[in-house]
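Database features, via Swiss-Prot:
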- 12-47: domain 'EF-hand 1' (DOMAIN)
- D25, N27, N29, Y31, E36: Ca(2+) 1 binding site (BINDING)
- 52-87: domain 'EF-hand 2' (DOMAIN)
- D65, N67, D69, K71, E76: Ca(2+) 2 binding site (BINDING)
- 109-382: region 'Actin-binding 1' (REGION)
- 123-239: domain 'Calponin-homology (CH) 1' (DOMAIN)
- 267-378: domain 'Calponin-homology (CH) 2' (DOMAIN)
- 383-627: region 'Actin-binding 2' (REGION)
Amino acid sequence: MDEMATTQISKDELDELKEAFAKVDLNSNGYICDYELHELFKEANMPLPGYKVREIIQKLMLDGDRNKDGKISFNEFVYIFQEVKSSDIAKTFRKAINRKEGICALGGTSELSSEGTQHSYSEEEKYAFVNWINKALENDPDCRHVIPMNPNTDDLFKAVGDGIVLCKMINLSVPDTIDERAINKKKLTPFIIQENLNLALNSASAIGCHVVNIGAEDLRAGKPHLVLGLLWQIIKIGLFADIELSRNEALAALLRDGETLEELMKLSPEELLLRWANFHLENSGWQKINNFSADIKDSKAYFHLLNQIAPKGQKEGEPRIDINMSGFNETDDLKRAESMLQQADKLGCRQFVTPADVVSGNPKLNLAFVANLFNKYPALTKPENQDIDWTLLEGETREERTFRNWMNSLGVNPHVNHLYADLQDALVILQLYERIKVPVDWSKVNKPPYPKLGANMKKLENCNYAVELGKHPAKFSLVGIGGQDLNDGNPTLTLAVVWQLMRRYTLNVLEDLGEGQKANDDIIVNWVNRTLSEAGKSTSIQSFKDKTISSSLAVVDLIDAIQPGCINYDLVKSGNLTEDDKHNNAKYAVSMARRIGARVYALPEDLVEVKPKMVMTVFACLMGRGMKRV
């Protein structure tokens, strides 16, 4: 640690600062950027107006970012606490950090990671996730060796060690992500366990989990903060899957007067859940809530919500469930919360929170509790009479979903829920430029919260800068694309930019492995064919448009060439293939590619339909994995 940070600081204080730093550093990259500061103030529920938060963050960056690289390192963080301690700004900052609750340092002596951040984990989360997983996998014969787990011990951290539970949870969140035939379930040697963990991590990445800083060895060792972080992402993706208008048209009942369907579609799942809870609270005559933390601590809003959504027995075959409101008047908060959870239990929804989690206002677990309520009992009716353009609700294409998952897996902030709406201020695109080694001058970038007046102008300036970077340092082909197109959310032109980002990212990985040799389509095709023929395989490909790719045989053979003997050819169909055969081959190929360690984002359908862009990424990822053999 350098001079500037060592002025009179005790070991205890240093440990506390490390823990605080880890709480703010959301993507665990060892630095705090202004997005993470915004998230911190948002989560801390501090009663500050937007402009005040902007001022505080600007001042923190000004005083704290001493080497002016646009982010705060751990040493700079210590400096803020040491030197700027007395200022109001630093006091507010400390207060915000202290409000992120529920932290339990590991046995008092936390492990320090290479970045010097302290890792702590939340007992409450462990307890909640264990109960959720026990219920989800109670009838799965492949998990009998670990389920049920005891929520009061460290069972969970041991249970994830062979990768099976993780693979199963991924499939529950996004069905069919992993081909069950690719999960090793017997004779679990260290090598076979490593493969399962590769499969789990690469599949988690493909559904949009941020796993950049998690390795298979971390999961095998059951590192609590990493296990809980990954599980929360997987569980959340499953909980949020249907909180989306194209998958759940009844959500249109939440439209407010004068609001268009397009505006409603831009809301994140969290915002929709809040809107849903308030819709029912309004109908019950109770006041609105603004969050799932401070505003639900007394359980009173929950009582009303349960009472509204409980089935009234009016539909055929639907038993009536009565919510007993007597606990509402209980004077003790914890007892009131317990009484409320007993009512939730009648609906089969006593999940994720204990009475203490409700009373402490744990934001993550309360969000999960409400999402589960929504999934079981939405209690919404699709509006029939209104003038609604239902054609807008087409849902995202496979390609859009793949791009979105790829971005989220790289840990962009904010999380991308809607490809076009969430890129309209270009912040995510600018972060992706950094991931492909195109330097971004963050002092030129406008950041949220944007001022009420002129917000769109600020976003447009970012979009113009994003297009400028694409044309010059990145040398993308952006003919006819302007910042306005990104700002308007023009699908075709936004996709053109995003595809070039993903392509460059994929090729960079290859160039890093090949000591900087340029990679392009021809080089990949030649490598694929050479590798296949050297392994004595009869398949080959002409290009990424080659129709024979639809059988997936070239992909399967290439995987077997890279890791000889890993493919079970009894499971692979050849000859005259039906659509089903092709799909089964593709599903097996994608899962096996992930199992041998290739981070494949494409979907089986991309191979069956021979989508050249996605086919290119599959072969490029496999080439990357093949080059690591040397």
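Using N, Cα and C of the backbone, Cβ positions are placed for all residues, glycine too.
Overlay of Swiss-Prot annotations on the structure.
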residue : record                : DSSP class
D25     : Ca(2+) 1 binding site : coil
Y31     : Ca(2+) 1 binding site : strand
E36     : Ca(2+) 1 binding site : helix
D65     : Ca(2+) 2 binding site : coil
K71     : Ca(2+) 2 binding site : coil
E76     : Ca(2+) 2 binding site : helix
Site of maximum Cβ density within 10 Å, from binding-site residues N29, N67: N29
Any further residue of that chain within 8 Å (Cβ to the Cβ centroid of D65, N67, D69, K71, E76) of the recorded Ca(2+) 2 site: Y31, G64, R66, K68, G70, I72, S73
D65 (Ca(2+) 2 binding site) CB neighbourhood, other CB atoms within 10 A: 20
Whole-number Å value for how far Y31 (Ca(2+) 1 binding site) lies from E76 (Ca(2+) 2 binding site) (Cα to Cα): 10
Rounded to the nearest Å - Cα separation of D25 (Ca(2+) 1 binding site) and K71 (Ca(2+) 2 binding site): 11
Top Cα neighbour of E36 (Ca(2+) 1 binding site) in the set of binding-site residues D65, N67, D69, K71: K71
Binding-site residues: E36, D69, E76 - member with fewest neighbouring CB atoms within 10 Å: D69
Integer Cα-Cα distance in angstrom, Y31 (Ca(2+) 1 binding site) to D69 (Ca(2+) 2 binding site): 10
Length of the line joining the Cα atoms of K71 (Ca(2+) 2 binding site) and N29 (Ca(2+) 1 binding site), in Å: 11
Model confidence over the domain 'Calponin-homology (CH) 1' (123-239) (mean pLDDT, whole number): 97
